[in-house]
Amino acid sequence: HVGRTCPLLSVQPVRGLVDEKFQIAVTNLPPNQKVTLHSLHQSDDKDFWEAFGHYVSDEHGSVTGFKDECLGGTYDGTEPMGLLWSMRPIPGSRHGLRLRKRDIFRPMEVCISVYSGHLSQGFSQQTPLATSVTERWYVAPGVKRVNIREEEIRGTLFLPPGFGPYPGVLDLWGTGGGLVEYRSALLASHGFASMALEYTQDTDASYFEKAYQILNNHPMVKKDHLAVLGLSVGSAITLSMASYSKVIKPQCCVCISGSHLMPVEKSLSELFELMKSNEDKLCVNEDNQVIYRNLILSLPCQSAKVDVGRIKCPLLLVNGDDDQTFPVVESAEDMAMMMEKAGNRHLLEILMYPDTGHLIEPPYSPHFLVMLWGGQTKPHAYAQEDAWKKILAFLWQHLSAPVSTVTSF
């Protein structure tokens, strides 16, 4: 009697940064066996997210995620990271979920399993052939977290390992609420002193200037080697500050899914009051989801748009051409024309990704729509991976940062 060897599942690395690819391999299967690779993650909000792909083992009884083709599931094709970027809430979950890391000093634990057959549901009722757990971290070993509570400023500064000083990044999210830390933590893992800043719809423009000064004067930050990185409304703030502020003088700016049609002068509340007074311009799609981009295009402040011709530092625009929240395509074209006329077009670099929506996050973040943000899952995932590499390279180039300071786990 010869006992059959049990299937073996390997996920490497077992522990790594969230923007690092992993490799999945299954061995000791029968040749040409149908199997399903399945990922499961419980978020910090205690909700479960999953993804799965259908495969067939080769003549040696193996499945290798980075070179074998997925035949169906939540993704298809040769997609080594499909088990992450195609994640969605498990059936029966509450509505309106978004996967966001709240506690960055705990890893994102992902349970990878292999099941016999091509399954699409009922995974919790089945016994897997093999299971492995991988940890995905936003913080590299040695990254420090510093609370910033000076005057009315509320933020978190993340410092890379070592003695510094480091080039700095002021990190501005949109108005989704709260203090969002995970992108700043990841930037610190790549050598930047990054400060995540909390703000509300009532925040004055001077608040951002004070935050910039705090970052620039910090002893662990390389003075006058700062960038501002904004997403969504954070990009509108970035463009306004870079154009008009006498305090904020960055060496470069990165604007993700932003528009110059939303000037921030004295406070954000003025902008949101203007948008509220024009709510009759809102459109909805066939699923009754609101399309905000048309509202922004119809704002009467077209004549008062941010004068990007005043910008004196390199500017990187990162956009998706299917953004349904901001009119990024029209904005990028108009900004290019304005800067050409002003003589600073050479400072502008535009990345426009096809079939990509509004929320462009760090690599392998699930593209699961809780609002009408636009984009298709696979091209949006490609855009996130490519854009992150180019954002880091842009920051390295203009802030004289090291190529990488990631410490091995």
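Yeah, the Cβs are placed from backbone N, Cα and C, and that goes for glycine too.
Pulled from TrEMBL, these are the features on record:
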- Ser232: active site, charge relay system (ACT_SITE)
- Asp323: active site, charge relay system (ACT_SITE)
- His358: active site, charge relay system (ACT_SITE)
- 204-400: domain 'BAAT/Acyl-CoA thioester hydrolase C-terminal' (DOMAIN)
Quiz item: Roughly how many Å separate the Cα of His358 (active site, charge relay system) from that of Asp323 (active site, charge relay system), to the nearest whole number?
Solution: 5
Quiz item: What Cα-Cα separation, expressed in whole Å, is found between Asp323 (active site, charge relay system) and Ser232 (active site, charge relay system)?
Solution: 11
Practice problem: Ten-angstrom check, please: count other Cβ atoms within 10 Å of the Cβ of His358 (active site, charge relay system), all chains counted. | Solution: 26
Quiz item: If you average pLDDT over the domain 'BAAT/Acyl-CoA thioester hydrolase C-terminal' (204-400), what do you get?
Solution: 87
Quiz item: Hey, what's the Cβ neighbour count for Asp323 (active site, charge relay system) at 10 Å?
Solution: 27
Self-check item: Set of same-chain residues at least 6 away whose C-beta sits under 8 angstroms from Ser232 (active site, charge relay system)
Solution: Trp173, Gly174, Thr175, Ile256, Ser257, Gly258, Thr325, Phe326, His358, Leu359
